[in-house]
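Visitor: Sharing the features that TrEMBL gives for it:
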type	residues	note
DOMAIN	A:1-93	domain 'FAD-binding FR-type'
BINDING	A:Cys219, A:Cys222, A:Cys234	[2Fe-2S] cluster binding site
REGION	A:259-279	region 'Disordered'
Amino acid sequence: MYQVKSARLLAENVYETWIEAPHVSRNAEAGQFLVLRIDDEGERIPLTISGVDGDCVRVIFMAVGTTTEKLAALKTGDAIHDVVGPLGQPSEVHHFGSCVLVGGGVGIACLPIIAKALKESGNSVIGIIGARNKDLLILEDEMKEACDELIITTDDGSYGIKGFAAGPLKEICESRPPDAVWVIGPAIMMKVTSGVTKPFGIKTFVSLNPVMVDGTGMCGSCRVVVNGETKFACVDGPEFDAHQVDFDLLMSRQRFYHPEEKESREHHHSGGCGCGGHH
Amino acid sequence: MADRSAEVRINDFSEVDCGISAEEAVIEAERCLRCKKPACVEGCPVGIDIPGFLKYIEEEDFRSAIGIIKNSNMLPAICGRVCPQEVQCEGECILGVKGKPIAIGALERFLADWEREHGVTVPESKEKRKERIAIVGSGPAGLTAAAELARNGFSVTIFEALHAAGGVLIYGIPEFRLPKKVVAAEIDEVKRLGVLIRTNHLVGRSVPVEELLSYDAIIIATGAGLPAFMGIPGENLIGVYSANEFLTRVNLMHANAFPQYDTPVKRGGNVVVIGGGNVAMDSARVARRMGADVTLVYRRRQEDMPARLVEVHHAEEEGIRFLTCTNPTRILGEGTVTGVEVVSMDMCELDDSGRPSAKPIPGSEQIIPADVVIEAIGQSPNPLLIRMIEGLVREKKGNLKVDEKGRTTVPKIFAAGDVATGAATVILAMGAAKVAAESVRKMFDGE
Ligand SMILES: Cc1cc2nc3c(=O)[nH]c(=O)nc-3n(C[C@H](O)[C@H](O)[C@H](O)COP(=O)(O)OP(=O)(O)OC[C@H]3O[C@@H](n4cnc5c(N)ncnc54)[C@H](O)[C@@H]3O)c2cc1C
Ligand SMILES: Cc1cc2nc3c(=O)[nH]c(=O)nc-3n(C[C@H](O)[C@H](O)[C@H](O)COP(=O)(O)OP(=O)(O)OC[C@H]3O[C@@H](n4cnc5c(N)ncnc54)[C@H](O)[C@@H]3O)c2cc1C
Ligand code: SF4
Ligand code: SF4
Ligand code: FES
Ligand SMILES: [Mg+2]
């Protein structure tokens, strides 16, 4: 059992939860994730480790289905059955020179820890964080602190620059091309945004989020195709060279269980889980 | 041995084989000739004194009988159920030459089940000693090594990456062949010897290598969990599984009881399973129990299948269609699987393994409709940890190099089970674990 140390709402439907898990926190590096299982009937889901403080790790997630809704309902002092991690390869952090980190939506959660690691390795770091609107934007203060410069975009223009993060990224590539770029967010956003750096030949990383089970390389559920080769994202990734990733396959495989996910949500909302519709 | 009828059992996950009664056990044990040089013992990889325990059964002293087994095998309820007895103890039994060999596996299982009902006596451990031993992996190899070392007084910690202990016993072999409560009870006995099992700890990640190396000795028992894929077109379509994934979703995560359990799996429809081993049989029979129409495609003949005979027989009874001498060439579909293209195979001369090699027959292609395809064509050791420890050597197929004493190429690191042999059997993993545990003990006793 792993205890929830604090839990709060960060933005509309986006939650921040700190979990006590020393075996994870003490060994976590930028870019890694954990897998958790909330209760005995629960599934295993992966979440990025977005912060570390002593014996605790932080996850930031959007409540989109059964498990993230269950997680969102947990309060300080509640227990999570299982937490395993850190999993996956750490981000490729070394001295590049200048780096740009682009985050979309809840993908921003991955960035502060990478930004800090890059800074420690002597890089200059520009952050670009984007959300649909002002209310959905997360971690602005943390990113401001972690980066040398922070650019904000919103789709509707309610805050920062109006439009997608791809816009300012392109400008930077033209005016002062960086040595490495990270793009993390929904698959479609990663596909489009990482396309921007390709003509410039700039090394670009994306963090892939296929459906996972064990997270240790045992099942192959998380397979993705990179440079024409099948890889297991949980052990070979989750970060890969953006310009070699088959994003269409990733997006297709993310839909593997859409009918079942809907059924599961309906089951839980109808009180089939015995919670009376509380998560 | 009574099996529940196929029509009934395909609707649930309860055990197929109901076991034998005490009366049946005594009658069966009486048939034993008490051979002076018992061939059956030669056939058992852990060398159980088989005539010894059969004699106690005959005398209806079940407590002493199980005691004899446990001298050599800490997991008898498991082995009695899943050992390929026909090629081991029973395969060697002298009575098998002319008639039926003694049903050694069924008797072993009977005794273990009897003991679980009548109260388990935990064997005594030797005096506590100061050395700390780390074991990586809680499959049969890790559990056996842990039990052996704990009985010798060592302080033993098992690290397991998954949330439950047991390895393949818990995530691979289905409930209807090996009930999880049986596995849990045998694991509980290992814990009662004082072994600490730390689940959710992936060694190399949650436990850094330096921390692992701070133990006085280490046994790597991480199994062969890395699934192989055929490498044919269409493998990444929705609906294509490795057997590991499919079985894990059902056995470990209970996807058969979805949506009560949250883990989904594709159910029903047409399922094509590729392979001819235990893993393929288990996948086929699990899919069948969730309402699917199942076709098992195997590239050689039925008699060449490496699965235990009884599993092949059970699968047939349960209505699994066997398409032998057939090999898949492509998986078809747009986003989601719709079918598998297969080609018939011509059986040729025997190859090194004594089985016929097979060549595709041009023009014999056909398409089998499929909503789900499960590839059960083999597993190899997960390289994650092995690559992280300097000095360990990986041999062909990724097996970790060990000598006959279970020693790796790095001092104080030992290994046992599938990680060293490649995918094998429960009892071979246990046998190797005993050897490795003995080597650890000798290292500290200066022998
Ligand atoms: C390495 C990695 C890191 C991730 N980090 C974060 C994070 O920091 N914050 C965050 O909000 N989300 C993250 N995700 C996605 C997160 O795992 C899914 O949102 C979550 O599993 C949804 O579960 P659910 O039951 O609530 O929703 P469901 O209704 O079951 O699923 C909604 C969608 O989430 C995806 N999904 C479902 N099950 C899984 C699974 N077992 N593994 C991966 N994806 C799944 C599918 O695309 C699905 O359509 C990460 C995914 C990966 C692979
Ligand atoms: C579906 C299926 C059916 C089978 N049927 C039979 C049968 O009927 N009869 C038979 O005799 N054999 C059968 N086998 C084979 C048998 O199960 C294996 O040979 C046996 O389990 C090997 O034992 P092991 O302890 O070496 O490894 P495993 O049982 O594979 O256990 C290894 C454990 O190590 C853990 N691990 C791996 N890496 C790490 C790490 N870095 N840190 C922490 N933990 C780690 C894994 O999570 C796993 O739990 C079957 C196998 C399968 C897959
Ligand atoms: S452990 Fe396996 S091989 Fe040995 S006697 Fe028991 S069933 Fe036979
Ligand atoms: S070989 Fe058969 S008959 Fe002989 S001792 Fe063993 S079980 Fe009994
Ligand atoms: S999640 Fe199972 S292999 Fe990656
Ligand atoms: Mg879900």
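Including glycine, each Cβ sits where the backbone N, Cα and C put it.
Nobody curates TrEMBL annotations by hand; they come from automatic prediction.
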Visitor: When the domain 'FAD-binding FR-type' (A:1-93) is classified with DSSP, how many of its residues are helical, how many are strand and how many are coil?
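Guide: Computed counts for the domain 'FAD-binding FR-type' (A:1-93) are 11 helix, 44 strand, 38 coil.
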Visitor: Which residues, in sequence order, are found in the same chain with Cβ within 8 Å of the centroid defined by the Cβ atoms of A:Cys219, A:Cys222, A:Cys234 at the [2Fe-2S] cluster site, excluding those residues themselves?
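Guide: For the [2Fe-2S] cluster site the neighbour list reads A:Pro210, A:Met212, A:Val213, A:Asp214, A:Gly215, A:Thr216, A:Gly217, A:Met218, A:Gly220, A:Ser221, A:Arg223, A:Phe232, A:Ala233, A:Val235.
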Visitor: Measure from the Cβ of A:Cys222 ([2Fe-2S] cluster binding site) and count the other Cβ atoms within 10 Å, all protein chains considered.
Guide: 26
Visitor: List every residue in the same chain as A:Cys234 ([2Fe-2S] cluster binding site), at least 6 positions away in sequence, whose Cβ is under 8 Å from its Cβ.
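Guide: The answer is A:Pro46, A:Leu87, A:Gly88, A:Met212, A:Asp214, A:Gly215, A:Thr216, A:Gly217, A:Cys222.
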Visitor: According to DSSP, which of helix, strand or coil covers A:Cys234 ([2Fe-2S] cluster binding site)?
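Guide: Reduced to three states, the DSSP call for A:Cys234 ([2Fe-2S] cluster binding site) is helix.
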Visitor: When the pLDDT values for the domain 'FAD-binding FR-type' (A:1-93) are averaged, what is the result?
Guide: 96
Visitor: May I ask which residues of the same chain, at least 6 positions away in sequence, place their Cβ under 8 angstroms from the Cβ of A:Cys219 ([2Fe-2S] cluster binding site)?
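Guide: For A:Cys219 ([2Fe-2S] cluster binding site), the qualifying residues are A:Val213.
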